[in-house]
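Asker: To start, I am sharing the structure in question, which I have written as structure tokens.
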């Protein structure tokens, strides 16, 4: 018997998406992931002042806005031939680290926990009908307490960001050279104090909570694997004096780790609603135009590929590539890698803060070149993020973005290979057709951000209507 | 119940939202106030306003969902998903509720640029849902720049033909522009509605409680402006008017409220205000940063 399961909205992600799965003999035999939100940032950026990209691109996503300010700044620095000093990098990376912590804490508690832990259903927000809750009452209650406690902790991660970044989300601090302001002693102490309480929360509650859940949902170590190819652009790495504190740009393919080469990135559009001179193009070339008449296309998300192959990006990829965590590649491994990474990021931030020199100003008077090109490639919370920009007559003439959720949620590529998350959903066993909790749990383990993935310009098209059918 | 209006400086103080909330708490305890249903819709935007709401403190998010309102629906935080989530939303239709909206409304291609769910097999667009829930709500609160006037979602050339909520609805929409909306602006407005009804609004339907005074008029660097001492680059402590500061045209209380547990705000971070709380953001507020201008103030 063939069934079709459509989940829309996939809640507890950023943005809007639909999962459309075909089920035979209780297992997924075909699946599509579709992003359902379009604004068109790449087109909007054309003609604007290059400096504005730092602030403008943050509005792509309210949960990972700092990530975009960092990538946009790096793209500008590359176009302007500016190498930020070490103090500037430390400061910027501390801000970036604050966002990692805010994201990981919110994703684990606010987005993941409701899948595995029964929340108080006296609050309408937490009402759910599925019954696959396996934790004994005491353990469940304990994690519910931490769910509410985490609201204060994730909030304090944004407070820490605002100390040096003005406000969050959509900070004002990250800019060419590092950040706009100086770290004074009182600010350094304030950040240290907040960081300490966050570290204690991660160590004493978040990591134990993740392992508690893992203990009762062991089957989730066996699903959601995908291709098993991992990629990182690197982050918190190659400091002049401190070396690499986390992960270098690396890829993991068929069991082998090799050095990442940015020239090997392409975007494929065979199954996406776009046309260009070729169905495969580079992020430094012309952007593709919308073409909704392609019969086999089914998604607005393009297919970023490295040497023609889909890759998984994010915390598990980084933990694996840096050698911090190598248990496996699965739904639950992704969740554990995320909480372990939170601890790692807090540790790295501690080192960076220790190396700050108070009162150093890293700002200069900058001049925009008449014509130039640049790229900013950096790993952010959800994975590898790239901004590519071209400047002509002092303004932005082309802007291209490839986001982490572009990598993870991509459509099929030209060689018919499914996207990373699509592949992870394949062969999943569905226990209860009325409550197919497995699909949402697998998708959320990638921490998808559809606001980011479907930022690109595209013409609209009526989405087909599909119902669950026998 | 004290309905006299204190002076704007006083009402705009940091404690405003908190004091209103304390009154809400008292009234609830006395059994005088009934918790109302609250529906939070995320439309064409970045979900930055729900994230900002989670940053609220005294009152915080837990207080909002447990004491103040029956928080019925939010895409980012609710436990239900798919059809079950849509059932939860549609179940409120016909009942009394306050509607909070973040994000613009994409109108291109009959709204198909932003589908927020699927109901009985059919896609539900942002355009559908705002028409359906907007007209029937007791109050509509537009949070953030996108919901208030289109914001970044409607930035030129506006590929999705996004518009603010008011363009779709033929009714009063309370607007809380800002990118994102400060949690206090929303919590204070909501508390006012629960206690006294709609707060006093200016001619653009913004609560005067928060939007009555120019940033420029309360800027701690105002004396530098008056003396003509201007910063030449970011990071300097003098007036950033010539670097592009939009404080002189932006009505909001950032200088006294500040952000994220009230620790900081853009100007204290040595960057110009980019006018995110002003109508017309971003296009009319650009360039955000500039190093080569002798500019004049234009309202």
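Quick reminder: no glycine exception, Cβ is built from N, Cα and C everywhere.
All annotation found in TrEMBL is predicted automatically rather than curated by experts.
Quick paste of what TrEMBL says about this protein:
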- B:46, B:146, B:179: [4Fe-4S] cluster 1 binding site (BINDING)
- B:46-193: domain 'NADH:ubiquinone oxidoreductase-like 20kDa subunit' (DOMAIN)
- B:211-288: domain 'Cytochrome-c3 hydrogenase C-terminal' (DOMAIN)
- B:216, B:219, B:239, B:245: [4Fe-4S] cluster 2 binding site (BINDING)
- B:254, B:273, B:276: [3Fe-4S] cluster binding site (BINDING)
Asker: With residue B:276 ([3Fe-4S] cluster binding site) as the reference Cα, tell me which of the binding-site residues B:46, B:146, B:239 is the closest one.
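Answerer: Among B:46, B:146, B:239, B:146.
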Asker: Looking only at C-alpha atoms, tell me how far residue B:46 ([4Fe-4S] cluster 1 binding site) is from residue B:273 ([3Fe-4S] cluster binding site), rounded to the nearest Å.
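Answerer: The Cα atom of residue B:46 ([4Fe-4S] cluster 1 binding site) is 21 Å away from the Cα atom of residue B:273 ([3Fe-4S] cluster binding site).
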Asker: Chain A sits near which of the binding-site residues B:216, B:239, B:245, B:273, counting only a Cβ gap under 8 Å?
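Answerer: Answer, by Cβ distance to chain A: none.
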Asker: Check residue B:276 ([3Fe-4S] cluster binding site) against DSSP and tell me helix, strand or coil, would you?
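Answerer: Once the DSSP labels are grouped into three classes, residue B:276 ([3Fe-4S] cluster binding site) ends up as coil.
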Asker: Taking the Cβ of residue B:179 ([4Fe-4S] cluster 1 binding site) as the centre, how many other Cβ atoms fall within a 10 Å radius?
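Answerer: Counting Cβ neighbours of residue B:179 ([4Fe-4S] cluster 1 binding site) within 10 Å gives 30.
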Asker: Residue B:245 ([4Fe-4S] cluster 2 binding site): which of the binding-site residues B:146, B:179, B:254, B:273 have a C-alpha within 10 angstroms of it?
Answerer: B:273
Asker: On a simple 10 Å Cβ count over all chains shown, which one of the binding-site residues B:219, B:239 is most densely packed?
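Answerer: The most densely surrounded of these binding-site residues is B:239.
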Asker: Select one residue from B:146, B:245, B:254, B:273, B:276: among these binding-site residues, choose the one with the most other Cβ atoms within 10 Å of its Cβ.
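Answerer: Per the Cβ count within 10 Å, the most buried is B:146.
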Asker: Measuring Cα to Cα, how many angstrom lie between residue B:146 ([4Fe-4S] cluster 1 binding site) and residue B:254 ([3Fe-4S] cluster binding site)?
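Answerer: Between the Cα atoms of residue B:146 ([4Fe-4S] cluster 1 binding site) and residue B:254 ([3Fe-4S] cluster binding site), the distance comes to 19 Å.
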Asker: Cα-Cα separation of residue B:219 ([4Fe-4S] cluster 2 binding site) and residue B:254 ([3Fe-4S] cluster binding site), in Å?
Answerer: 9
Asker: Between residue B:239 ([4Fe-4S] cluster 2 binding site) and residue B:273 ([3Fe-4S] cluster binding site), how many Å separate their Cα atoms?
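Answerer: The Cα atom of residue B:239 ([4Fe-4S] cluster 2 binding site) is 11 Å away from the Cα atom of residue B:273 ([3Fe-4S] cluster binding site).
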Asker: Do you know which of the binding-site residues B:46, B:216 has the most other C-beta atoms within 10 angstroms of its C-beta?
Answerer: B:46
Asker: I need the CA-to-CA distance for residue B:273 ([3Fe-4S] cluster binding site) versus residue B:179 ([4Fe-4S] cluster 1 binding site), whole Å please.
Answerer: 12
Asker: Give me the CA-CA distance between residue B:216 ([4Fe-4S] cluster 2 binding site) and residue B:179 ([4Fe-4S] cluster 1 binding site), in Å, as a whole number.
Answerer: 18
Asker: In three-state terms from DSSP, label residue B:179 ([4Fe-4S] cluster 1 binding site) for me.
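Answerer: The three-state answer is coil.
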Asker: According to DSSP, collapsed to three classes, what secondary structure does residue B:216 ([4Fe-4S] cluster 2 binding site) have?
Answerer: helix
Asker: Helix, strand or coil at residue B:146 ([4Fe-4S] cluster 1 binding site), per DSSP?
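Answerer: Residue B:146 ([4Fe-4S] cluster 1 binding site) sits in a helix per DSSP.
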Asker: Give the distance between the Cα atoms of residue B:254 ([3Fe-4S] cluster binding site) and residue B:179 ([4Fe-4S] cluster 1 binding site), rounded to the nearest whole Å.
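Answerer: Cα-Cα, rounded: 12 Å.
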